[in-house]
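Read through the structure below, which is laid out as structure tokens, and then see the notes.
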């Protein structure tokens with residue numbers, strides 16, 4: 001068990017190094033794209049160019065450049081932005097991360113609870129109008145673009161009906177830290193949570209229903225019924241528990257990519273200064289250090305989430321535990 | 001009689017119409033008796049057992065006729081009442097012990113679950129009963145086995161655990177659907193021994209469903225031969241093996257490799273394959289494959305008594321029954 005965990009950690013580290021090398025090469029060693037020119041700005045004099053080149057180490061070989069970049073990113077953490085000179089990149093991300101984590105965690109709670117409920121009810125009433133209605137609702141949820149939904153929510157709650165009793169509790173756009181004002185945090189995030197969760201409720205409830213229906217024809221479900229268990233117990237204790245394995249792996253990946261910056265559209269629409277929005281800014285300004293940092297941050301999350309999912313597998317499926 | 005089945009018919013919707021899979025099957029099962037139901041794949045033997053268990057869940061399926069268990073009618077029984085019966089008074093073991101246990105729970109937990117659903121006893125008491133049952137089924141180190149997951153056990157152990165689970169509430173009737181098919185030969189023999197011992201130790205009657213005539217000869221008191229969803233022949237196993245009345249029974253017996261004498265180059269087999277339920281002929285369903293087929297077979301033969309057997313064939317009535325077979329040894 002300890003060996004397995006250690007091996008897993010080693011793999012994780014290896015993947016992270018690989019990603020950092022790739023990202024570095026793509027942004028700093030692409031032929032024809034001289035990072036010096038980007039930093040020095042348009043029509044810069046040759047002296048300025050030379051100074052920048054020395055400062056960032058662009059006159060040294062690539063491995064040295066890579067090592068310096070990693071040092072600035074992880075050890076001294078004083079990598080500065082190209083666009084806003086002097087702005088340190090790492091603290092900027094550390095400041096944005098809690099916003100994204102708050103947004104995604106809340107949405108995840110909503111989408112897990114709702115999709116499990118919807119999937120189970122639909123599977124239990126398979127073929128009925130309830131089943132068809134719920135699955136149709138799920139499909140609608142999947143089809144609605146999140147930025148459009150966000151804009152409509154804002155339109156309704158921020159301007160048109162903001163004064164009505166229904167939406168007067170909705171604060172202005174933006175983030176309120178949990179530690180400062182828990183109630184304010186909740187109020188600021190409630191609508192973004194719901195908006196972000198809609199898509200995933202749709203996907204997850206449909207996936208879970210399909211899994212539950214497929215599991216119905218398994219021999220062990222027939223055994224469970226032959227034992228004299230109630231239909232609810234057969235479905236929940238034997239069916240749902242077994243179907244959870246797919247659900248968890250899907251959840252791990254989606255959660256990680258959202259925390260890693262995938263909630264970009266929701267963050268932009270609701271004015272939340274999260275990692276997604278930071279990535280978006282970095283990309284539109286071609287702010288290489290910031291891009292480097294956000295990509296590394298996101299990679300760390302995806303890789304860690306994968307490791308966590310693997311650990312959860314061990315808990316959920318005894319067959320994996322024995323390495324089968 | 002523990003179980004009296006009369007004209008049991010199971011029809012499933014296929015291609016927009018109800019097609020009878022099992023037609024007018026009748027038999028009885030006494031206390032401590034082992035009845036074998038034999039037939040090829042698709043003969044309706046598993047469907048018969050699922051109908052008795054009330055486990056046919058195909059939407060639109062229709063079960064008619066009568067199944068009386070201890071005098072109580074099971075066809076049309078309310079789901080809740082059926083549930084109280086299933087696992088407690090009628091238990092079932094399935095063909096493939098590999099897939100019949102839920103993979104994510106330990107074997108012991110699954111047996112405990114069945115006990116605790118039907119009886120109000122504590123977790124610890126249920127577990128001690130589980131361990132005792134596993135021990136009774138010849139499982140070595142039952143305490144440890146109860147804590148294992150299904151995939152960690154061998155096929156034989158899993159099937160023993162399955163039988164332990166089926167017997168956990170002391171059912172009066174045990175339905176065993178091809179319990180030895182997925183196991184290798186030595187384990188098969190052990191499991192059959194176990195089933196035979198059940199009537200002595202637990203007083204259970206067993207409905208043994210199989211396609212293996214050898215298993216029937218070794219285990220069953222009486223035998224029911226199904227062909228294409230219809231009863232071909234039924235009677236005491238010894239009589240049926242000594243003088244099969246239906247050509248299908250005789251053909252099945254011919255396909256058992258002989259234990260003595262010269263080895264045949266090729267075992268006789270029955271030409272053709274059984275008709276699909278939707279295209280069953282109006283007359284005798286076996287006629288297209290039967291060496292004795294003649295005009296009289298165009299009318300479906302009724303099940304008529306001939307000695308101790310009941311035979312759905314015109315030959316005995318026409319005064320030319322099949323010849324008796326030389327039975328070298330009968331262990332039953």
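Residue positions begin at 1 at the first shown residue.
Glycine residues also receive a Cβ, built from the backbone N, Cα and C atoms like all the rest.
The domain 'ABC transmembrane type-1' annotation in TrEMBL covers A:97-313.
What TrEMBL lists as transmembrane segment is A:12-30 (among others). Same-chain neighbours of the transmembrane segment (A:12-30): 62, 65-66, 69-70, 288, 291-292, 295-296, 299-300, 303-304, 306-307, counting only residues six or more beyond its ends whose CB sits under 8 Å from a CB of the stretch.
Positions annotated as transmembrane segment by TrEMBL: A:103-125 (among others). Nonlocal intrachain contacts for the transmembrane segment (A:103-125), taken as residues 6+ away from its ends with a CB within less than 8 angstroms of a stretch CB, comprise 131, 134-135, 137-138, 189-190, 192-194, 196-197, 200-201, 203-209, 211-213, 216, 231-232, 235-236, 239-240, 247, 251, 255, 258-259, 263, 266-267, 272, 274.
Residues or ranges marked as transmembrane segment in TrEMBL: A:137-157 (among others).
Residues or ranges marked as transmembrane segment by TrEMBL: A:185-204 (among others).
Residues of the same chain lying 6 or more positions beyond the ends of the transmembrane segment (A:245-270) and with a Cβ under 8 Å from any Cβ of it are 99-101, 103-104, 107-108, 112, 116, 145-147, 150-151, 154, 173, 191-192, 195-196, 200, 203-204, 207-208, 211, 276-280, 294, 297-302, 304-306, 308-309, 312-313, 316-317. The feature transmembrane segment is assigned by TrEMBL to A:245-270 (among others).
Feature annotation from TrEMBL assigns transmembrane segment to A:290-316 (among others).
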